[in-house]
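Inspection log for the structure reproduced underneath, given as structure tokens.
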Ligand SMILES: CC(C)=CCC/C(C)=C/CC/C(C)=C/CC/C(C)=C/COP(=O)(O)OP(=O)(O)O
Ligand SMILES: O=P(O)(O)OC[C@@H](O)CO
Ligand SMILES: [Mg+2]
């Protein structure tokens, strides 16, 4: 089964998907593999691999190899640029940062990376990537014109634009380690506009079961957690708790 089909099936049948983000720059490849193993035991549905800086090349390849040794769930690339592509992954979020000021993040990285993705035959999942205040490191690196957090209508407008251009997924990103996740109002309005067929991913600043539950109830099809999983001493229990909350 394709990774996209697998994720959509979980979203449709269980309500919400949980994705664990591993940044290859944050730990050794072996430690990355251990985190993925624990997250998979806790029930996470897939592993995303990427980071804003220092997350590509050999360290990316080695991290994915370690993750694949220890788990059987899909590994999805979350690239900051062409350096974030690896032949070891199962799929790639082939994304365009629609609210960037820099054409590199809208189409140029995609143009440079596409022949590599083609050569390695990596499954592509098309995605409109939208960065909302505060935006964090990724907002700065991606030169995003941050969507104000209290302007759901702007997130809706961008999301519809992505959908009309044929993107299957929309990702509302508050930035890794954001003080608060995307608001329920913005999630609800965006999901309402996208409809059932397009899938909405929400990430950035989701730390507690309450945050995760609120995002899921508001309409997120998929929840991404990175920082809490990196920082907790007990990845398995944390992931189990988050998943219980998003499937209530
Ligand atoms: C499709 C191809 C080849 C490239 C896409 C290029 C685009 C659109 C990039 C968007 C801008 C960008 C810098 C994205 C980075 C996404 C990412 C991996 C963020 C998450 O990393 P974390 O580790 O959570 O955060 P930090 O890196 O801030 O710690
Ligand atoms: O690290 P956190 O805050 O969980 O954010 C995850 C992801 O949305 C960042 O791209
Ligand atoms: Mg990081």
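Sequential numbering from 1, following the chain as shown.
Using N, Cα and C of the backbone, Cβ positions are placed for all residues, glycine too.
Per TrEMBL, the feature Mg(2+) binding site maps to 23, 52. Secondary structure at residue 52 (Mg(2+) binding site), as computed by DSSP, is coil. Neighbour count (other Cβ atoms within 10 Å of the Cβ, all protein chains): 19 for residue 52 (Mg(2+) binding site).
TrEMBL lists 171, 172, 173, 174, 175, 176, 177, 204, 205, 226, 227 with the feature sn-glycerol 1-phosphate binding site. A C-beta separation below 8 Å, combined with a sequence spacing of at least six in one chain, links residue 173 (sn-glycerol 1-phosphate binding site) to 129, 130, 131, 132, 135, 138, 182, 203, 204.
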Under 8 Å by Cβ from residue 205 (sn-glycerol 1-phosphate binding site), same chain, sequence gap 6 or more:
174, 175, 177, 178, 179, 180, 181, 211
Relative to ligand 1, which of the binding-site residues 23, 52, 173, 175, 205, 227 have a Cβ found under 6 Å from one of its atoms?
23, 52
Should residue 171 (sn-glycerol 1-phosphate binding site) be counted as helix, strand, or coil on the basis of DSSP?
strand
Neighbouring CB atoms within 10 angstroms of the CB of residue 177 (sn-glycerol 1-phosphate binding site), all protein chains considered, total 16
Quick note, residue 171 (sn-glycerol 1-phosphate binding site) and residue 52 (Mg(2+) binding site): C-alpha atoms separated, nearest Å, by 16
